[in-house]
Amino acid sequence: MSEIDSNEVVRLREAEKRVVRKIDRLLLPIMLVTYGLQYYDKSVLGTAAVYGILKDLDLTRTVNGVTYTTRYSTATAAFYYGYIVAVLPMGLLFARLPLAKSAAVCVVIWGLVCILTVICHNYPGFVAQRVILGFVESAVSPAFVAIVALWWKPQEQAKRIGFFYSATGVFSMFSALINIGLGKTGGTHPWKSMYYFCGSLTIAWGFIIWFFLPDSPLSPGKYFTEEEKLILIKRFEENPWGSSQQSIKSNQILEAFVDIKTWIYLLMGASIYICNGSVTAFGARIISGFGYTPIQSNALLVPGGFVTVVTIAFFSYFADKYKNIRTLLLPASTIPVIVGALVIWQAPWHPTVGPLIGYYLVASFGAPYVLLLTLASSNTAGATKKGVTSGFIFVGYNVGNIVASYLVFAQEKKIKYRSTWIAVIVCMIFASAASIVLRFLYIAENKRRDKSALNNIRPINEEISVESAEKLATEGHTGIPIVENPEFWKDETDKQRPEFRYTL
């Protein structure tokens, strides 16, 4: 390679880095705030539980002097009933609809439904409202996973998914403080002020998404120069697995259903999100069980959000920095959760330092979930299959949340909510084991494809030995096609593309 060619390569690499930084600056803040608002919307109910909503909407029952929160659990789970019904169809629709504009419309509708919480005056009405809220909010996560796959290459995705998912931690810090203020100034029904605020903010943000989130790398709008648009097209050529604007294909739906990895993703999503009940919906109630007032309990949620952000950032950084370690990082990321659950369960609750530290460690469960999303996104090709696979993960997410809603028993307060922590520990161990199983499946399939590619190599002349051909194959020279016209790219799955290699 001549010095001129070398300089040009360096220039193009630097230009691509600048484009990636611009993508980050443009898309990630929008995704962070949107996902944070979704988390805030769900977490408001946990705060409202200590600010009057239980009494106002008749969400508890007292029998023989014992107060049961089964109705509150059902209301919490109702959100995920709506979510689980809609999330798979949403994943398929986003394989067909413009991502940015569709996401914006869904956010505005979700804000409106959120505000309507204040007109609920009894338990049945509240449960119905929660189902509808889950239905409309189910669009956000599939849309964002599709956006990440569309704009970033597989090895760039972990940090980006980790960034917007860390909003659960960021917003848990701010929402706790905001809710404390609303709780003190919200009148006789302070929980209503929380829903007015949350819903109005969400509606306003939906319009920001509409006007500022670009459609795709092939139509990025006014934000990129002509040279940058060419770089975006080139990046798309090198990463056609992320394409989302394709017709829905029944054969890809079938392939996703019969692929064992899809079901493993679902079970992992469910097991990881068993933790959510203890951290989000019941977090304030559990901390209040340590002996704190409602205001103190909400304030003490803040450090948990910080732990969520730090652990997601930590594991996402290493997932992108080093290749083929994600299936090993995921089991490592479950260790703090397991330790935290053991501490809350076994440590004395007075003094309260021990169980608080345990609670904050459990809040790190977001890290293994982010790693799961990046594994599935990086290792699935085909627009329809990718939509179905994402839908399966979010079905698991909902199953975990529904189950978690019934795993915090008020009558177990005296024994430190033992059932909750046993469930968390068992589920984290399962997710770790499943990640190792995925690693073996990926390795076996990659070896099979490498062997097949090696057998198909034809030496150009006799001077190219078998060893040289093998070296070419291991270096990645397996005939990957260069896409001349991205708009004509063939929408094929990872199983249909022999050049596809699974990321470990």
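Each residue, glycine too, has its Cβ placed from N, Cα and C.
Here's what TrEMBL has on this protein:
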- 27-449: domain 'Major facilitator superfamily (MFS) profile' (DOMAIN)
- 78-95: transmembrane segment (TRANSMEM)
- 102-119: transmembrane segment (TRANSMEM)
- 131-151: transmembrane segment (TRANSMEM)
- 163-182: transmembrane segment (TRANSMEM)
- 194-213: transmembrane segment (TRANSMEM)
- 263-287: transmembrane segment (TRANSMEM)
- 299-319: transmembrane segment (TRANSMEM)
- 328-345: transmembrane segment (TRANSMEM)
- 357-376: transmembrane segment (TRANSMEM)
- 388-409: transmembrane segment (TRANSMEM)
- 421-442: transmembrane segment (TRANSMEM)
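Stretch with the most C-beta contacts under 8 angstroms to the transmembrane segment (421-442), considering only 102-119, 131-151, 299-319, 357-376: 357-376. Comparison of 78-95, 131-151, 328-345, 357-376, 388-409 by number of C-beta pairs under 8 angstroms to the transmembrane segment (163-182) places 357-376 first. Away from its own ends, the transmembrane segment (78-95) comes close to residues 42, 102, 127-128, 130-139, 141-143, 146, 244-246, 248, 253, 383-384, 386-388, 390-392, 394-395, 397-399, 401-402, 405 of its chain (Cβ-Cβ under 8 Å, at least six residues beyond either end). The transmembrane segment (194-213) and the transmembrane segment (357-376) are not in contact, since fewer than 3 Cβ pairs between them lie under 8 Å (pairs 6 or more apart in sequence). Most Cβ pairs under 8 Å to the transmembrane segment (299-319), among the stretches 102-119, 328-345, 357-376, belong to 357-376. With a threshold of 8 Å between CB atoms, the same-chain residues lying at least 6 positions outside the transmembrane segment (102-119) that come near it are 34, 37-38, 41, 93-94, 126, 129, 132-133, 136-137, 139-140, 143-144, 147, 192, 195-196, 198-207, 209-210, 213. Spatially, the transmembrane segment (328-345) is adjacent to the transmembrane segment (357-376); three or more Cβ-Cβ distances between them are under 8 Å for residues at least 6 apart in sequence.
On the 0 to 100 pLDDT scale, the domain 'Major facilitator superfamily (MFS) profile' (27-449) averages 84 in this prediction. Listed as Cβ neighbours of the transmembrane segment (131-151) (distance under 8 Å, sequence separation of 6 or more from its ends, same chain) are residues 23, 27, 31, 34-35, 38, 41, 78-87, 90-91, 94-95, 99-100, 102-103, 106-107, 109-110, 113-114, 117, 157, 160-161, 164, 216-217, 241-244, 373, 377, 386-387, 390-391, 394, 397-398. Long-range contacts of the transmembrane segment (357-376) within its own chain (CB-CB distance under 8 A, at least 6 residues past either end) are made by residues 145, 157-158, 161-162, 165-166, 168-169, 172, 265, 268-269, 272-273, 275-276, 278-279, 283, 286-287, 303-305, 307-308, 311-312, 314-316, 319, 326-327, 329-330, 333-334, 336-337, 339-345, 347, 389-390, 393, 397, 424, 428, 431, 435, 438, 503.
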